[in-house]
Amino acid sequence: MLKFTLHKKDGYARRGTLELNHGKIETPVFMPVGTYGSVKAMNPQNLHDIKAQIILGNTYHLWLRPGLEVVEQFGGLHGFIGWDKPILTDSGGFQVFSLSDMRKLTEEGCTFKSPINGDKLFLSPEISMKIQTVLNSDIAMQLDECTPGEATREQARKSLQMSLRWAERSKKAFEDLKNPNALFGIVQGAMYEDLREESLKGLEELDFPGLAIGGLSVGEPKPEMYRMLRAVGPILPEHKPHYLMGVGTPEDLVYGVAHGVDMFDCVMPTRNARNGWLFTRFGDLKIKNAKHKLDKRPIDESCTCYACQNFSRAYLHHLHRAGEILGAQLNTIHNLHFYQVIMAEMREAVEQGKFADWQAQFHENRARGTD
């Protein structure tokens, strides 16, 4: 089940509601990443507290461990991990194709060795759909070939054509399995605008209920990523949700929304938090730096998260230096809360027709830097 309602547009920025089997999502939305079925350093109550509306699970990793036979006993991923709101799962393709020296790609699918025990495994569109059906995620993704950013035009064309054939197979398998959830297609084409348009045209013929932009933030220069966003975002079908995969910084989210993106995921806020890199309204803060040793202020005096309301920079500095788990937890709560606040503010700005003003103020504040 998927119903997308577009409430308001301000330029290309959009404000909508996405209705899924496990609840409604207000867009634009950021999805914290729970690779192994948990968002690192967060429990489900923490996620509720920061107002996370949907999280992402990783098909590849959950397939390998704990395995489908375990998740199936709980009726799907929601029951297994104790999360009652929507979940999106990726197809597993990105992780498999990252194993470049351990995998073999054919039209049928991809053969690879398990990095856990060396077992020979095979992932195809049909198997990916089977896995995601067992996981019972609210949004599943087609299996696609993740084209590297530096691909030649001919490589990119062959890759996107394979992805389109796999999209058709994914959709058929999804329907044959009578999966009651939603399946998104993925626009590929590397850094070639005309190939992106070719990919989009093929996906539109398959009539997926939502579309994602894949193959960005895979090593290409930032200006190239933004060029592709400018080219693809505004031409995605207006009546369907638009998902930018694996992106990114706070500035990337704002740029994406400005060019028609509704959904984002990225490990950056959680990974950076564990490394002591904190995002604030006035730039980024490295809590491990010695200057915070005696600082009684919170991370961000305007922030309402649990970490900022209760603890000083000095304490967080100490926790990070000591390698305490609590430090990673508090840092992660803050970073994910900050991302959720950005999204909420963008939703409100679009509703009020003031997105451009909000965007300008956001960049001005971020450029100021922290003290």
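Cβ atoms are placed via backbone N, Cα and C, with glycine included.
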(message) For the annotation region 'RNA binding' in Swiss-Prot, which listed range does it cover: 22-28, 148-154, 246-252, 365-371?
(response) 246-252
(request) Check Swiss-Prot for me: it has Cys303, Cys305, Cys308 binding Zn(2+), so pick out which one of His259, His292, His320, His334 it puts in that same site. (result) His334
(request) Among Gly37, Gly215, Gly219, Gly233, indicate the single residue that Swiss-Prot lists for the substrate site containing Asp90, Ser91, Gly92, Gly93, Phe94, Asp144, Gln188. (result) Gly215
(request) Examine the ranges 195-199, 270-274, 280-284 and name the one recorded by Swiss-Prot as region 'RNA binding'. (result) 270-274
(message) Neighbours of the substrate site Asp90, Ser91, Gly92, Gly93, Phe94, Asp144, Gln188, Gly215: Cβ within 8 Å of the Cβ centroid, same chain, sequence order.
(response) Phe97, Met141, Gln142, Leu143, Glu145, Cys146, Ile186, Gly214, Met245
(message) By the count of other Cβ atoms within 10 Å, pick out the sparsest of the recorded positions Asp90, Asp144, Asp265.
(response) Asp265
(request) Note the mean pLDDT of the region 'RNA binding' (270-274), expressed as a whole number. (result) 99
(message) Summarise the region 'RNA binding' (270-274) as counts of helix, strand and coil residues per DSSP.
(response) 5 helix, 0 strand, 0 coil
(request) Over the span of the region 'RNA binding' (246-252), count residues by DSSP class, listing helix, strand and coil in order. (result) 3 helix, 1 strand, 3 coil
(message) Rounded to a whole angstrom, what is the C-alpha distance between Cys305 (Zn(2+) binding site) and Asp144 (substrate binding site)?
(response) 38
